[in-house]
């Protein structure tokens, strides 16, 4: 395995260097991880930690355009993040809670950000509204104590798989499947795109990926 692939700890929550999903049987490497929070009455309150895992073919896909670029260049280039978001490879995103949140509390903010993005790019129609409703329904019975996680599995064909875990382990079954490419992309867009909820995660991706992109052939195998 590439030496540059290491685990990351965010607020005592560990993100392993490689994870294998029991849903797909595939392994994914950790692209980056970071905190997400809000400034409330002048204080920055950390709510969640987000880790973005990528299928190994992501390296070759991204290297075609971004090999040789520095971390500083990538951090300032929105197209780099958009290529992660829209790239023809699977992503597995783990959002683990630093503070307790109910499913509806958490999903409401995610949905607000997704809908705002979809409307801004003109891709919010009836199908997307229906997909967002399905998204909301999936979170209704869920509660997230500290350390609990949501997993978003994003496939290149636009399927978003949701699963919920009381800890950081990947569940064997998904709680919901949302078949809408625009909505699936919007979830990651709001995390690392133009109006990212986790600048920390964006910095981490830009810091870690250049070494991999410059290395060339990369396979984690399974």
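Heads up, the Cβ atoms here are built off N, Cα and C, so glycines get one too.
These numbers come from a predicted model, not from an experiment.
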Which of these, 113, 143, does Swiss-Prot say binds substrate at the same site as 48, 190?
113
Pairwise over 48, 113, 190, annotated as binding substrate, what's the top Cα to Cα distance to the nearest Å?
15
With a radius of 8 angstroms around the mean position of the C-beta atoms of 48, 113, 190, what other residues of the same chain does the substrate site pick up?
36, 109, 110, 114, 187, 191, 197, 198
With every protein chain in view, how many other Cβ atoms are within 10 Å of the Cβ of residue 113 (substrate binding site)?
19
Give me the Cα-Cα distance between residue 113 (substrate binding site) and residue 106 (site 'Important for catalytic activity'), rounded to a whole Å.
11
Between residue 190 (substrate binding site) and residue 106 (site 'Important for catalytic activity'), what is the CA-CA distance rounded to a whole number of Å?
14
Across all the protein chains here, work out how many other Cβ atoms are within 10 Å of the Cβ of residue 106 (site 'Important for catalytic activity').
19
